[in-house]
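Scroll down for the structure; my scribbles are underneath it.
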């Protein structure tokens with residue numbers, strides 16, 4: 001089946017059901033829900049697998065490194081959670097601009113522009129990777145300056161050196177991933193990622209324990225694994241009939257319109273990074289409490305659980321972005337609005353069920369991670385906040401996905417700054433420390449949940465009040481503007497056919 005056949009036929013069928021006056025409202029609702037649910041599940045499930053596999057690759061590298069010794073574990077942890085996650089969030093955020101443009105172009109049947117958008121994003125991300133590579137190369141003095149011991153900084157810098165190739169794998173991977181997602185092609189990435197993680201485990205064992213390349217070998221294998229994913233996905237794009245209309249070869253157009261593309265990419269990156277860093281700040285602030293070890297241990301358990309569950313929400317986030325952008329590009333305002341309702345309800349139900357299960361097992365879940373009874377009691381005490389966080393994460397990422405699909409990244413970035421950093425963090429500090437209410441880790445987390453709740457309410461209010469007919473017009477204007485830039489190019493020739 002060629003590009004556009006399956007996705008657009010389903011979109012057209014959904015719009016026709018929603019606007020069919022011969023059907024009663026309950027009948028329209030029933031039929032449309034069935035169509036939309038199938039589309040969302042096909043998008044969300046493979047996306048969840050991809051993000052989970054990516055997480056497993058990083059964590060397995062950290063585990064392998066940890067078996068070399070405590071210093072190596074600290075170094076790999078610092079490299080993974082302190083440095084790599086910053087680059088991951090930045091690159092993934094910048095790559096999200098492709099979600100908006102490719103998704104809307106695909107819905108509008110402007111298939112040839114998808115490949116151009118993907119290449120344009122890869123060019124920008126690769127350029128961003130250059131200063132990041134310099135930071136990686138200077139990681140040792142930077143870590144010492146930030147207060148790390150010279151021994152840990154030295155070991156971490158060795159690990160980080162091996163991650164430099166990973167930066168540029170990110171630069172290509174995320175545009176490719178979003179390019180495929182915009183066409184509802186998600187299963188191949190899941191298959192490729194799953195196969196790669198199995199190879200990654202074997203190579204890590206071989207390089208670290210048999211060839212004995214230590215930390216550098218561990219991070220180089222991680223970088224290699226990411227490049228395997230990139231190459232495999234690119235081979236799929238160039239050989240699959242499903243991409244024959246959207247991939248027409250490398251093009252000089254990738255170097256045109258970069259300032260405008262950078263503006264949208266930057267807004268996307270700021271939006272995502274502010275969300276990613278928010279709960280990392282929670283852990284940093286908790287480290288300043290009177291009994292930081294207990295606070296950090298209990299929060300670490302809760303954040304790990306929240307992180308795994310959050311990947312399900314990320315799958316719905318990707319599905320929401322694709323569905324909304326496709327429908328807006330196709331000129332289907334009713335389908336776009338209906339998709340938002342269905343994906344939000346589905347994600348909320350899943351997160352609510354998980355939250356209930358966690359509340360029921362609140363006295364036992366910590367023993368998966370530790371045998372300490374003190375930590376178990378602290379985790380049990382924090383579980384209600386964990387449940388609330390999981391429920392909010394069932395709604396907020398979906399609304400962020402809707403924002404990406406509509407191209408609202410700049411607006412959401414401002415909302416995130418205000419709600420997270422001017423409300424959530426100050427409230428957490430006031431509730432957590434002795435100069436406020438002195439509630440400890442629970443107070444810090446409760447305050448930051450307040451910031452997330454406010455952000456979710458704002459996005460929900462804006463989404464409810466959205467004029468979807470106007471969003472269709474905005475999407476068309478955006479695509480027409482990019483189309484005009486394409487037509488105005490003097491040198492409009494592909495350098496590889």
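Each Cβ is built from the backbone N, Cα and C atoms, and glycine gets one as well.
Checking the ranges 97-118, 295-316 against TrEMBL, the transmembrane segment annotation falls on 295-316.
Here the transmembrane segment (382-404) sits apart from the transmembrane segment (185-208); fewer than 3 CB pairs are under 8 Å, leaving out pairs fewer than 6 apart in sequence. No contact links the transmembrane segment (185-208) to the transmembrane segment (411-437), because fewer than 3 Cβ pairs that are 6 or more residues apart lie under 8 A.
Counted over residue pairs 6 or more apart, the CB atoms of the transmembrane segment (443-464) and the transmembrane segment (122-143) come under 8 Å in fewer than three pairs, which marks the two as apart. Within its own chain, the transmembrane segment (295-316) has Cβ neighbours under 8 Å at 40, 43-45, 47-48, 51-52, 55, 279, 282-283, 286-287, 289, 343, 346-347, 350-351, 354, 358, 365-366, 369-370, 372, 375, 378-379, 381-383, 385-386, 389-390, 393-394, 396-398, 401, 440-441, 445, counting only residues six or more beyond its boundaries. For the coiled coil (465-492), the model's pLDDT averages out at 72.
Under 8 Å from some Cβ of the transmembrane segment (411-437) lie the Cβ atoms of residues 267, 270-271, 274-275, 278, 281-282, 285-286, 288-290, 400, 403, 443-452, 454-455, 458-459, 462, all in the same chain and six or more residues away from its ends. Within its own chain, the transmembrane segment (337-362) is flanked in space by residues 14, 18, 32-33, 36-37, 39-40, 305, 309, 312-313, 316, 319-320, 323-324, 327, 379-380, 383-384, 386-388, 390-391, 393-395, 397-399, 401-402, 463, 466, 468, which lie at least six positions past its ends and keep a Cβ under 8 Å from the stretch. Sequence-distant neighbours of the transmembrane segment (155-173) (same chain, 6+ residues past either end, Cβ-Cβ under 8 Å): 65, 71-72, 74-76, 78-79, 82-84, 87-88, 91-92, 122, 125-126, 128-129, 132-133, 136-137, 139-140, 143, 148, 214-220, 222-224, 226-227, 229-230, 233-234.
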